[in-house]
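Some features that TrEMBL has for this protein:
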type     : residues  : note
TRANSMEM : A:6-27    : transmembrane segment
TRANSMEM : A:34-52   : transmembrane segment
TRANSMEM : A:64-82   : transmembrane segment
TRANSMEM : A:94-117  : transmembrane segment
TRANSMEM : A:150-170 : transmembrane segment
TRANSMEM : A:206-230 : transmembrane segment
Amino acid sequence: MINTLFTIQPFTLAFVIGTYLAALWLYRRTKLNLLHPVFTSILVVIGVLLLLNVEYAAFEQGSFLIDFMLGPSVVALGFGLYEQVHLIRKNLLSILTAISIGSIVGIVSVVFIARWMGADETVVASLEPKSVTTPIAIGISARFGGLPPLTAVIVVVTGVFGAVVGPFVMDKTGITSKIARGLAMGSSSHGAGTARAIEMGAVQGAISGLSIGLMGVATAIMVPLLRLIIK
Amino acid sequence: MYGIFIIFLFYAIGILISKLFGEIIPGSVIGMVLLFVALLSGVVKADKVKPVAGFITRHMALFFVPVGVGLMVTTHYFKGATLAIITASAISTILVMISVGLIQQFMEKKND
């Protein structure tokens, strides 16, 4: 009975969107990174489903339309890239170089550390795209045998972590250029990092937003390439 | 409506190209690059896509809530690796930040 209710799309859509709006409101009120709306929404939805004994398959069916929007949201990022592209004309070569190498550093380091600590290949495949914005990361993870739910959570945690430690790490390593700081925030911590970069300044924020898309493309290309090399 | 059409059109083209080449790169990422190129070249008018694209990207976080809820049936696959996941992600994130920042800064100074 309760499972049937959650397979009805308008019901589950209203439930998830309502939860998300409440989580967003809470996040804006408290401004606590820990209360990132993605975390709180996921936790509340899981809590309700467990409490009411709803099967995941029923929820999956009912929430299909929201899940479906992941693809179009990646396509829409192309517009953001276009809006900010004038910023990089002067620094095109350095930005493309930094993002390409950063993408390789991110994939190789996470794969080696995770393997060294005994993680299996499913976990490793879920970790590979961790520095990329969630909808792109989910696509890469699913393609190469990862667990998309794990990837989604890792990516958000990574973003929040990078946003918190970013300014400290860059001060310690002497990264002072505005463009470099924005690029480093966006490429390592995507959306959450960009929110932090916007607080640093307009240039940092815009460059960070742009690097989300660039890092997504670079990583989508690098993951399959590196998979051929580091087996 | 034009904006919605454009986004789904580029998504569809992206998926098609992706399938033709063995789905190595997600179709959505190919669609994103193609939309970017179409906007740059003026084939697609930016101001007509703006409202829809802006709305979708602003609320992107909502779209990955259902995937995240999948955690409730997948935790047993990675429970034992929690420490490895956290350590690897944290160190790797800092390495990306430092390498990207330093390379960009170094190449910028050389230009001056």
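Using N, Cα and C of the backbone, Cβ positions are placed for all residues, glycine too.
All annotation found in TrEMBL is predicted automatically rather than curated by experts.
The model shown is predicted, which means the values in this text are computed figures rather than measured ones.
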Intrachain neighbours beyond the transmembrane segment (A:150-170), with Cβ under 8 angstroms and 6 or more residues off its ends: 33-34, 36, 38-39, 42, 123, 126-127, 129-134, 137-138, 140-141, 176, 181, 184-185, 188-193, 195-197, 200
Positions whose Cβ lies under 8 angstroms from the transmembrane segment (A:206-230), at least six residues beyond its ends: 74, 77-78, 80-81, 84-85, 87-88, 95-96, 99-100, 102-104, 106-108, 111, 128-129, 131-133, 136-137, 139-140, 144, 178-179, 182-183, 185-187, 190-191, 193-194, 197-198
